[in-house]
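Enquirer: Pulled from Swiss-Prot, these are the listed features:
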type     : residues : note
ACT_SITE : CYS243   : active site
ACT_SITE : HIS340   : active site
ACT_SITE : ASN360   : active site
SIGNAL   : 1-36     : signal peptide
Amino acid sequence: MNSSCKSRVFNIISIIMVSMLILSLGAFANNNKAKADSHSKQLEINVKSDKVPQKVKDLAQQQFAGYAKALDKQSNAKTGKYELGEAFKIYKFNGEEDNSYYYPVIKDGKIVYTLTLSPKNKDDLNKSKEDMNYSVKISNFIAKDLDQIKDKNSNITVLTDEKGFYFEEDGKVRLVKATPLPGNVKEKESAKTVSAKLKQELKNTVTPTKVEENEAIQEDQVQYENTLKNFKIREQQFDNSWCAGFSMAALLNATKNTDTYNAHDIMRTLYPEVSEQDLPNCATFPNQMIEYGKSQGRDIHYQEGVPSYEQVDQLTKDNVGIMILAQSVSQNPNDPHLGHALAVVGNAKINDQEKLIYWNPWDTELSIQDADSSLLHLSFNRDYNWYGSMIGY
């Protein structure tokens, strides 16, 4: 090939390479712009401080994907690629904050769960945030509400009082989750306002950072799951005191593989003389729980404390239902939910750590938390101590 041909070929190759470089730079710029636009529209949640104890960060990043995958499996949802948003806090209207950290769990671009890190046992309630032992829990708590405004460039504060949970945005307060109380008002708009002190203390979080998990690691995180084969959520507690009725109905439906039990019918059986108007205020006592179970052909017995992981595993394999009995840590005598009952659905091993799966009648989905934690941080910002169990449903 003569020198003029070589020069012509070299020039053509150079032009092609420069063109490809320009195109790739353009694509990179467009991609970055798209990412920037996406981030600019993301939800921001106000917090007093974005400082989070390192042990909380580590636990959240280590555990969230396995927890999400395990909960997806329970609802027969397709697993996906899980990401973790930034931690946020929940405040009372006077500015007090609770003792937990909350993370949005994102799957395929949607907020699907909330990961909660809260004190592990009663003794931890008196420790500093840095010295506290934390329990990890996952549920759908306010996840759908957050997802609805995730891409609307919203800036909110998450608030709570005895009536439920609220989002405050641009001075307007909106109720998103109402506490299950008899006669509770369910209006979505609220005249409440954030205290001046809290407004002064709040600052905006940075754009939520998504921590991407390696796909191979996600596959290995859930080593084992064991649940009551026929457990289904058919109803939800709201404006009544029937937590034990809901729990017994769900467990008996599961272990008998039927759909004939419901909370209202159980409470009506226990209180045949009470009017329909007064029935929502009726609670259930341990002797009633035992007697009702026996009337349905079940040998129910009370066991103090939290059952061991091995016991839950075996009882679940044997198709035997366990009802959690819990007491509010606050011990407020005016609290209509001073005591609470929940249903154990099964157990799991995630990241080689033992977990329990349970249903809180206040919720529409299951929750998963550490098997060695006796403290239950439930949907309405309440800490309950798991003091005993009714076994045999």
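Even glycines carry a Cβ here, placed using N, Cα and C.
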Enquirer: Counting other Cβ atoms within 10 Å of each Cβ, which of the active-site residues CYS243, HIS340, ASN360 scores lowest?
Expert: HIS340
Enquirer: Using C-alpha atoms only, work out the spacing between CYS243 (active site) and ASN360 (active site) and round it to an integer in Å.
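Expert: Taking the Cα atoms only, CYS243 (active site) lies 8 Å from ASN360 (active site).
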Enquirer: Could you give the Cα-Cα distance between HIS340 (active site) and ASN360 (active site), in whole Å?
Expert: 9
Enquirer: With H, G and I counted as helix, E and B as strand and the rest as coil, say where DSSP puts HIS340 (active site).
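Expert: Once the DSSP labels are grouped into three classes, HIS340 (active site) ends up as strand.
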